[in-house]
Each structure stands twice: as structure tokens, then as C-alpha cells.
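Colleague: What TrEMBL records for 90-95, LYS133, 149-150, 233-236, LYS258, 263-264 is ITP binding site. Annotation comment: TrEMBL describes GLU120, ASP149 as Mg(2+) binding site.
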Amino acid sequence: MPLANCGRAGCLFPIKSDRILCCACSSAFHPECSNLCPEDYATKSGGGDWCCPICTAATTSNGDCVVGVDAAQSTDTDSPPHLLPIAYVTSNPNKLRETIEILGEEYAGMLKQVDVDLPEYQGSSPEEIARLKCQHAVRMVGGPVLVEDTCLAFDALKGLPGPYIKWFLKAVGPEGLRKMLEGFKTTNEEGLCDRASAICTFAYSSGVKGETVEVLQGVTRGRIVSPRGCGGFGWDSCFAPIEATEGQTFAEMSVAAKNAISHRSRAVAKLRQLLDHLRSSSSTFAS
């Protein structure tokens, strides 16, 4: 029988990597869901560092009473593949909100936000970075996961800031991003050096050992301009997509107009196909 994520009622903590297995009742729980045993209680109960939140017995966090990453993965092999909902691993609720807006509310129950800090990987491409983040998310969260990596690649900077746009934006702001391109010579036939690509890359893993990570990507071409508009989030105010009929930035567009041409909408279109396939093949999702 596979271990539950945590035996404590109401537990919302998703990380499986450090579950403790109670030596008394064999329930799995997170250290964050319990407390260190008082010294007198531990002594009376025969020793133990943790108080099990299920049976209240004192137990130990060493030896056979630890369920680590490898043990959790091997113990959970009976869990059905492609279990829904999928953990959408992001610290930015705007990303999930916009994804659901594009997908439609009928897909809302298939994704749940899980706020877990993932390492900032370096790689040769957005696809490689997304795969690495997804693999790490599986180890931390367990089960099916979806991660998103968003890039803003300046032609004049040969793809930078790319996946590091979050840190550039935090450091210099939208206007600072535009100023980064000042002084560059023309880089294309049209005599413009402000061109850029907005790239959204999703990476999905079922969490089943041996299955490959699926990568889905959408790209929108545009220009880096002085910040305009108050909608959207992040660098929306300084990115004007080429397809905008009046030269608006993402931040100046209506939600519907932005979602019709954005990099995320193009990646989400591919994600919708994946979710439809998972929904049709999974008996665990209650519509």
C-alpha cells in the first residue's frame, strides 16, 4: 500500500522528501506537521525525537523511521500514473491565474499551485532548464508536476537576459530593461536593435520513474519599449508584440487581446492537448 503524502488531517505541505515514518503506527508525516517531543514524554515513551501527529507516539527520525526521496519514490510506485490534479510548481500566482484564464475554468480543477523554491538552473536552452526544474520538482513534491520557465531574449544581447529575466527585472525594472539596449548598433535588416522573443516553456512529468519529461513551448516576437500601460505583470509594460495592431504593450492590452497572441497562450494551447489526453486516460479525476 503506498504511503499517503502525510497522515495529518488538513496537511497542505506537499514536499515528500523528508517524511517521517512512525515506528508505532507506520503513518507517514512531515516534520513540519508535528513537534519535537518534550524530553520527559520521550523518556516515558521509550525514546524518540518526534511526536507522531496521528497516534501521538514518540518516534525517531533516524534509521528505518525515515522516508526519504528514494524510499518515497520506491514506496509510491503503486500510485496511479498521471494522477490529477497536477502540481503547478510556481511561487507566482499570476502565472497560474493567467494559465487558467487561457485554458478555461473547466480545467481549473486539473491544476493546483504548489509554492516550492526551485534552484535557478543554468543551461544551454530554455528547454534544458525547464527539464532540470521539472525533475527537481518531482523529487521535492512527488507525483505529477508542471513547471513553467519564462524567458525574455533580446536579439542584441544574443538571447540574454533569457531565463534570468526575473533577476534583471528585479534589479533594474522595466525601464532599465529598455535602457540595456541603448547604444547597440542595428542588428537586423530593418535597422532595429530592440527586437526580442518572449518564450514560455512548460515541462511536465507524471512522476513515474523512467517516463520522459514533456516540454511544451510558445514564442511571441516583439520589441522592447519604454514602459506603458498598467495591466499584466512582470515585464508586460515594456514588451510590445509585433502582432499588436496598434503597437500596444502587453500591459496596454485587454486580457482577451493579450491571451490571443501571448507566448504563454501558445504554450498553453499545447498544454491543453496534454491535459485533455490525461483527463481522458485518468480514472482519478472527478469532473
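The backbone N, Cα and C atoms fix where each Cβ goes, and this holds for glycine too.
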Colleague: Could you give the Cα-Cα distance between GLU120 (Mg(2+) binding site) and ASP236 (ITP binding site), in whole Å?
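Modeller: Roughly 22 Å, rounded to the nearest whole number.
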Colleague: Starting from the Cβ of HIS263 (ITP binding site), draw a 10 Å sphere and report how many other Cβ atoms land inside it.
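Modeller: If we count other Cβ atoms within 10 Å of HIS263 (ITP binding site), we arrive at 24.
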Colleague: Using Cβ-Cβ distances, find the residues under 8 Å from THR150 (ITP binding site) that belong to the same chain and are at least 6 apart in sequence, listing them in sequence order.
Modeller: LYS95, PRO163, ILE165, LYS166, ALA198, ILE199, CYS200, THR201, GLY234, HIS263, ARG264
Colleague: Go through the binding-site residues ASN92, ASN94, LYS133, ASP236 and tell me which ones have a CA within 10 A of the CA of ASP149 (Mg(2+) binding site).
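Modeller: For ASP149 (Mg(2+) binding site), the binding-site residues whose Cα atoms are within 10 Å come to LYS133.
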Colleague: According to DSSP, collapsed to three classes, what secondary structure does THR90 (ITP binding site) have?
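Modeller: Going by the DSSP assignment, THR90 (ITP binding site) belongs to neither helix nor strand, so it counts as coil.
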Colleague: Around the C-beta of THR90 (ITP binding site), how many further C-beta atoms are within 10 angstroms, looking at every protein chain?
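Modeller: There are 21 such Cβ atoms around THR90 (ITP binding site).
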